Amino acid sequence: MADQLVRATAAQGRIRAVGVLSTRLTEEARGRHKLSYVATAALGRTMAAGLLIASNFKQTEARVNLRLQGDGPLGGILVDAGADGTVRGYVKNPQVELPPSPKGKLDVGRAVGANGFLYVVKDLGYGYPFSGTTELVSGEIGDDVTHYLVTSEQVASALMLGVFVGADGVDAAGGLLLQVMPSADGQEDEELAATLERRLASVEGFTPLVRSGKRIPQILEELLGDMGLEIFPEVQLVRFHCHCSPQRVLGALKMMGEAELLDMIEKDGGAEATCHFCNQVYQVKASELETLVEQLRSEREVSSQE
């Protein structure tokens, strides 16, 4: 099944619901970064969370960055997700592997670490970003993002994330986000929020449902079918996509300055650059570096004549 995002409402618009299936894009991230089992689960959960948050943005070019910086051996996670359905991300130490948790599951919480912060930066397409920071709750990512949504954005939220990694790769990945919209007077419906939390808590997890063959509309129907569920007919496809390019690499190298470029030409006969987000390697020839040097000299000459 293609990776996709499904939106819905319930309780006469008081509940906003969105679900994302991100199995393929999580597997692509695993392959690109050569991730361990626990690193795959951690990055996969964070990418799903990013897509769920970005799904509420109005502008197509709007994006959100999630950075988890805990005290665990993964060393940090950074994800960039957009309202256009694209997402990318990486972990600092992708090869880290840990024994299973006491429950027999991948120990994402210990890999990330419970002591640290979640940094969120939103670019809503208006020319200036919005940022928020909250302390990590458990390092399990779902708890941490929920804590951010409730405390920083002040929206009652229930979030479920999951990644199942088998011997041959990612079998299932994605998540659900249920939110109670404030009333006209700004008051929260605490009873409704508690109901959503109980219903999500009663589910054994997102990936078991997906692996049993259920699709997102079916899962939403089970959770909210008795609450006036309305599923939007438009299904948005989501994918792993990075915005890096040879041109951007050259632009970054140019910013290093003439002296550094000349040193690369003399000592290395070129340059090699790797994109952190997608692990794409770019080889830059000496002739391309020489062109950058010429551009810098020309720009400096023009500037001196002004």
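The backbone N, Cα and C atoms fix where each Cβ goes, glycine too.
Pulled from Swiss-Prot:
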- Cys242-Cys244: disulfide bond (DISULFID)
- Cys275-Cys278: disulfide bond (DISULFID)
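On a Cα basis, Cys278 (disulfide bond) lies 8 Å away from Cys244 (disulfide bond).
If you measure from the Cα atom of Cys275 (disulfide bond) to that of Cys242 (disulfide bond), you get 9 Å. Distance between Cα atoms for Cys278 (disulfide bond) and Cys242 (disulfide bond): 6 Å, as a whole number. Around Cys242 (disulfide bond), the same-chain residues six or more apart in sequence whose CB sits under 8 Å from its CB are Arg88, Cys275, Phe277, Cys278, Gln280, listed in sequence order. The DSSP secondary structure for Cys244 (disulfide bond) is coil. Cys275 (disulfide bond) falls outside any helix or strand according to DSSP and counts as coil.
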